[in-house]
Amino acid sequence: MLAPQGVTMSDAIESLLKENRRFEPPAEFAKEARVTSREAYEALYRESVDDPDTFWRRESEALVFRTPWTKTLEWNLPHARWFLGATLNVSESCLDRHLSTPVANKTALLWEGENGDTRKLTYAELHRQTVLLASALKQLGIEKGDRVAIYMGMIPEVAVAMLACARIGAVHTVVFGGFSADALRDRIQDSQAKLVITQDGASRRGQIVPLKNTVDRALEQPEAKSATKTIVFRHFGSERCTVDMKEGRDLWWDDVLASVTTECAPEVVDAEHPLFILYTSGSTGKPKGVLHTSAGYLVGAHVTTKYVFDLRDSDIYWCTADVGWVTGHSYLVYGPLSNGATCFMYEGAPNYPDWGRFWSMVERHKITILYTAPTAIRACMRQGDAWPAKHDLSSLRLLGTVGEPINPEAWIWYHHTIGRGRCPIVDTWWQTETGSIMLTTLPGAAASKPGSTGLPLFGVVLDVVTPKGEAVGPNEGGLLVLRKPWPSMARTLWGDDERFRQSYFNTIEGCYFTGDGARRDEDGYMWVVGRIDDVLNVAGHRIGTAELESALVSHPAVAEAAAVGRPDDLKGTALVVFVSLRPGFSADQALRDQLGEHVAKEIGRFARPDVIRFADSLPKTRSGKIMRRLLKDVAAGRESTGDTSTLEDFGVLAKLRQDED
Ligand code: PRX
């Protein structure tokens, strides 16, 4: 049976099975909530599945469609087309629609830099900046359907850049600022991006991360030759961050905006026009370019933001995710802006200058909704209660978590120490490919259970099945699949439709396979235990073992490499790699450091292994496949209980155990 990286399915399920606490929605919250009871949720859910047309039409009423759709769904597995016949421009729903309402002068983005600087952009200002940049992109020759790479940090201009692309029908591909030049180059090459939008540098722990220099190193390489222009936002200025501007290629953001001569009407596109590509790791090969299209994605992000966060006009909403990941796309930009929310955005590290930073910002900006990752919660929890205790957190009314399973201890800490027992917690399960939240307990409507991701959201029809596709009973573990298409689902993998089919629709017939293992309890609540394919979730970052291994074997010293996960109290999963060396290289600390650096260069610093272990050889089956299951046991310091009869040489395993650090 497939098992999550680092833990066996039975271990993970065992520990979650013991968890049976329930937290009813606080009465004060439930009274005012959008959905006030489980019955009300079930009625809406049933409608979304039985009569999707009525449901989605009503729930997307606030969005701007230039022409309404004539058909809700066309499903030709694995290809879904939603809202056929509709035309729209996503930026109109996020910006223009607010201009004739009081929201025009409401703060759209409230930003704080690591050094304490703050900025505010109203909806009207965000619209203005977006229109200017969109016009500039057009003047530079970017046309509908062209790809634009965005390599920026957490500043308001990253939202401007995304929305400007959407406005002219260009397809953005945001590359997380922690990726290396080589990783950026690969994404530019795969998407054939014509232009890169970047900034001089970004703040991190008091240092400046020189983003533009990294872009230079990516663009120097012939593989990235499709990108012939860059637009550079000056975040620091030349005294603090010097950049080389290449004549004819690099343009300053301010100059480009100043030279705009025409207004930019939104380009009206078809419902299925591509909105963005976001690269994510898969279980094999190079990163996958997940493609999301306009209407379905927008509707998914809009409706889930409104219901899951129970959004009110007065909320100050903070999603801590970096915009380089899907959470930043859906819940920092498209979901909240299409709802007219005020979004807080922070550029910097959570512990800078100290572990009180998050809580000080909650207090100072009167944040009402906080959406973050279990890794961040665990890291804060480890620092003790004194940090949050110093701050007035009474503005908070709702807490959210995403990205990895949350252990009940961290959930309880979040509930008591941050939420002070007053705030419901929404544990939201979803993926880059799903585009929007699929599972959670709607706050106010249903009790939360620490560690459970709750119930399916609107239009989500899921199941837990055996590898043969048979549904399992309550509390039995199995594979998490989605049985029906949903509006914000990925439409394909950029340039590789066959891989799209292979990756998601080949495991369980007729279903989308998530790659996760789960169980459903007697109450219908889902308990997601984590990846059961060769993808690791390290501190909420998705890392493909194949990608990491190919980065390692590209180093001259490495003959073979295998990457596995090991349970970790802080990161959820720690990254352990086993490496065998080519003759002539010695297994020492200097080489370990070099290999760590090499991975940082190939992928990014966040993918550096936690542990590198040298091995004479790796355990293999007689047919030559590396036995990862055994390596996982070795990494976790556990005896292997499973079948080892196909192991070629027992000596290899014994030797690895002997060499344990
Ligand atoms: O394993 C699941 C885990 O994160 C994976 C998706 O990663 P990514 O595409 O990077 O998107 C992360 C943010 C949406 C899933 O396959 N995951 C995500 N949320 C949860 C989770 N695991 C458990 N509980 C969650 N709430």
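Keep in mind that glycine also has a Cβ here, set from the backbone N, Cα and C atoms.
TrEMBL annotations: computationally assigned, not manually curated.
The CoA binding site annotation in TrEMBL covers Arg204, Arg205, Gly206, Gln207, Thr327, Asn351. In the three-state DSSP reading, Gly206 (CoA binding site) counts as coil.
Following the DSSP three-state reduction, the secondary structure of Arg531 (ATP binding site) is strand. Annotated ATP binding site per TrEMBL: Gly403, Glu404, Pro405, Asp427, Thr428, Trp429, Trp430, Gln431, Thr432, Asp516, Arg531, Arg542, in sequence order.
According to TrEMBL, the Mg(2+) binding site annotation covers Val553, His555, Val558. Counting every protein chain shown, the Cβ of Val558 (Mg(2+) binding site) has 21 other Cβ atoms within 10 Å.
Residues annotated as domain 'Acetyl-coenzyme A synthetase N-terminal' in TrEMBL: 41-94.
The feature domain 'AMP-dependent synthetase/ligase' is assigned by TrEMBL to 105-491.
Residues annotated as domain 'AMP-binding enzyme C-terminal' in TrEMBL: 547-625.
In the shown protein chains, 11 other C-beta atoms lie within 10 A of the C-beta of Lys625 (N6-acetyllysine). Under the heading N6-acetyllysine, TrEMBL lists Lys625.
Report note: the Mg(2+) site is defined by Val553, His555, Val558, and the residues of the same chain whose CB lies within 8 Å of the CB centroid of those residues, excluding them, are Ala551, Leu552, Ser554, Pro556, Ala557, Ala559, Ala561, Val579, Leu595, His598.
Here Thr432 (ATP binding site) is compared against the recorded positions Gly206, Thr327, Asn351, Lys625, and the shortest C-alpha distance is to Thr327. Taking CA atoms as the reference points, Thr327 (CoA binding site) and His555 (Mg(2+) binding site) are 33 Å apart.
Gln207 (CoA binding site) sits 27 Å from Gly403 (ATP binding site), counting Cα to Cα. Long-range Cβ contacts of Trp430 (ATP binding site) within its own chain (separation 6+, distance under 8 Å): Val326, Val402, Ser436, Ile437, Met438, Leu439. Around the Cβ of Asn351 (CoA binding site), 16 further Cβ atoms fall within 10 Å across all displayed protein chains. Taken through DSSP, the domain 'AMP-binding enzyme C-terminal' (547-625) splits into 24 helix, 28 strand, 27 coil.
Using DSSP to sort the residues of the domain 'Acetyl-coenzyme A synthetase N-terminal' (41-94) gives these counts of helix, strand and coil: 23 helix, 15 strand, 16 coil.
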